[in-house]
């Protein structure tokens, strides 16, 4: 089917007269063939020569490979030929081109099944041979390509092909045009050549034919019968054709047994002869060969190995960052890598058993965080080094190391092992700050209703209390024995009591409603103390009377005096209540000047007359403030200077009494100040507020609180500094508790006050949401006295 | 270990400090089982003593009373059972049981006992018969009462005429069987005469020197000396003999001022009582003096304890302060332990400090006895034993302390610390004492050989506790 195109091509190739260039090509072929035969001769001739001529025989070897590829028949044909003969032949080939050409042609025919083709080809070749010139002319077609114009075939006799076998005569028509037809062309007689069976049809045919077993299609020449072969014979034949050994079970490639190498195999040496000398003498033959190579190298015939030039490296540009790097000195930031300790026994692959962790230790190790592990590996036991597996965290470790190098500077890692407690500012342990009150030492019962105020006398023997029942009571401090009482008012509660802070005399001031009472509880006093106290109080009568005599004007004035000093009713006077001062509105707090000549009262509703300063020696009441901003809550004298503190609801103002000017305005930031107390040093102020805060003001520091203590759950009603040398202060709150603080003030300005909460004193009951109403310190001891809304006064020590 | 405990034995060396109870037999080293308890050891000692009457013994090992078995003691204290234990046996403190209580009208501030063995009984030269013990009680109502041991009031003093002043008494002491002294908030020390036959009390002398309440008095009959400690931080030395005292300071007399004189006249005194001043006034304390005592063997030396944290030694001939010991707390009471040359002082910080008053002593506090919950206001020694003291406290208990029952350690500067061996609650009160001791505060305690432990308190009672089988 594909015969014709091939034929055409072959013709096209062979038809043109061999130009010089082509002859070169041919020559090449011829040369190859010649060498091929020559080499074959050599190989057959002598092995030794072959070895010797190896260098020269390089080409031959190459051709011999080609030879293997070429046809065997040809080889056989040419075997006998001499090299020269072949060269001759080559020359003939150049001119005639016939014999060699034919052979390949035949080859083609052999491959094709069609016989007719070969004859046709022969005829064409013959024609070519005859003319020895091309039967075509070369033109240039429209596209500029070469075009072969074939000559008209002259139908001479020789060209008659009547005797030719039946061939397909469709001419120069591609067979594909017959694809749709059952035939593939026409014979010489114009009959259709039917398409030969193929594919499925052929298979069906083959299947239909029953081929007997062992059928060969051959005829036994001896019997003339069809030759049938058995399976055995067929397999033998197959093996013969494959060049295999026919014998059954023969293993052509048995495992090599090195009989002469091992001790096991070679029980006895084959020869007892000693090792021949030649084994120790350098081989002459080898020397000869080496010399040959050396000579060749010297002459340049063999170039020594030259490494291939790596052009790639030159092409690839790499930037060396560290090219200009200069070695630097180790500076302070340089941290040398820590020197690792040598590995111990536990690091061994086969550690002594005592280094092996037991199960519990293993579990503990596995449970720990990686950072916390003491060792980063778990000692394991392997019987032999070869049983040690690969390092399992190798990749991970490398990766992390790379990360470290990439991201992390090499710093010494300090694990933060900080106890959160240690971050708090260092406060002294309360144990070290003893003594301070810790327990309730006495309960003073007897008061009806709330106790609103307490005061400890300057000697520290008695406690005075005032409360809702209008009584002022005096108690023995240690035993809680009530030793004196007087009812100042039947309607009004006693809101404030305060002892005059001078030891020589014993005067108690108490405020109930709009009245202030000055009391000398003479039942408790020795006659001379009583007399001394009386003298102090009585001194003012004369002054007041003389003043009123000399200057009657104020009495005439429409204004009533801010305070009216008078003797109370007889019943009270017999009890020791000697002076009664009436002010304009109800008094809530009362506070003495340190020398005991003045005391101040604050009546929050009094507006302009809310703050009054009373002078005992003159029986005089003065209103220092014509108008006060805000509602006054409490007032106090400075313990050493002529400074007066007035607390309104939100602010505390300090006034210089001598210069009569405002010194400072403190802004505690509180919503409603309940009480203040000035530190005995005079530079600090304690503020208690109804909004549950206790504020410490350092007067030198700022107008804002130095410390805010918010420990109470209810309003703070009273605050008090210890005035007898202990660095203590206390507050009393409506949550029924007192809190004791250590508040140490250092003289120099460099250090701020130390404030340490010490103790919460519980015991007072909360009644109607009122807890502890007042607190006061003992003048010497770290004891404090509190007034409770539950009607008790308690001593804490 | 428990199974073998019964087999474990330990060597003990028995000893005692009581010469009458020495074991005659040698050797005194015994091998006893560790399972023995105090009772068994006591029986063992009794067996060794071969006495007809059996005495209960307390067992002291290394300064601690054995309360459990030896084994538990060893375990608790970590003592090796192989060592030889020094075991001291001593007459057991028989729990002083509540015998009786004497009801008063008001708080009882102080008690004192007159008996054969009491100091006043000794000073009175055997005038006091056995069974004729008298108990003196001073009350906040200003009256002094004399009781017999059956609880009968033999005599009550009259209310003093002090011009409407408070009369509450704080202290009272027998001088002799016919005299006692009492003082209180009215700043006056009064010497009373007591006639046991007609059972009357008459005020024989009023001593004025104090401007504030008298907290404590001490008496020494042989020299007729009375010491009084006052809240005005002074100590006064009086004589119980009116003639020895100088005239009273005029400014302290009730009729010294116009106002008080007026009151005085209104109260219409029946009869006048001689008023005298002080032989000497000792100033030096900075705060109220809470307690004063004579030195047991030398009546010219006195010790005083004050709220100003100091313990001062006074010398009468030179009228000066010889020595001052400063402690950390306000001192509320004082008593001398003559056998050991120690002073026991009760503090407001709820413990008792034992102070060596000798000048040579280097340590301020020899021993600290802890256990009270409030200020210790009264102290007395055991007349039977030189090791025991009793303390009365505002927490409402009296506690008995054994000075042998101490452990070293405790805080720096406190010396050894001890625990009480027995606690006497007020009658009708049980359970743990409350710190404030409301209603049951003990104000005074006295330990007499015949009567027992007599204590007075806020519950208006004088309570007598006695070990019945002694």
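Here the Cβ of each residue, glycine as well, is placed from N, Cα and C on the backbone.
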- If TrEMBL is the reference, give me the range from A:500-522, A:523-545, A:546-568 marked as region 'Disordered'. A:546-568
- In the same chain, residues at least 6 away from the ends of the compositional bias 'Polar residues' (A:137-146) whose Cβ sits under 8 Å of its Cβ atoms read none
- Over the span of the repeat 'WD' (A:772-797), count residues by DSSP class, listing helix, strand and coil in order. 0 helix, 15 strand, 11 coil
- Query: Can you give the mean pLDDT for the repeat 'WD' (A:444-485), rounded to a whole number?
  - Reply: 90
- Residue counts (helix, strand, coil, in that order) that DSSP gives for the compositional bias 'Polar residues' (A:137-146): 0 helix, 5 strand, 5 coil
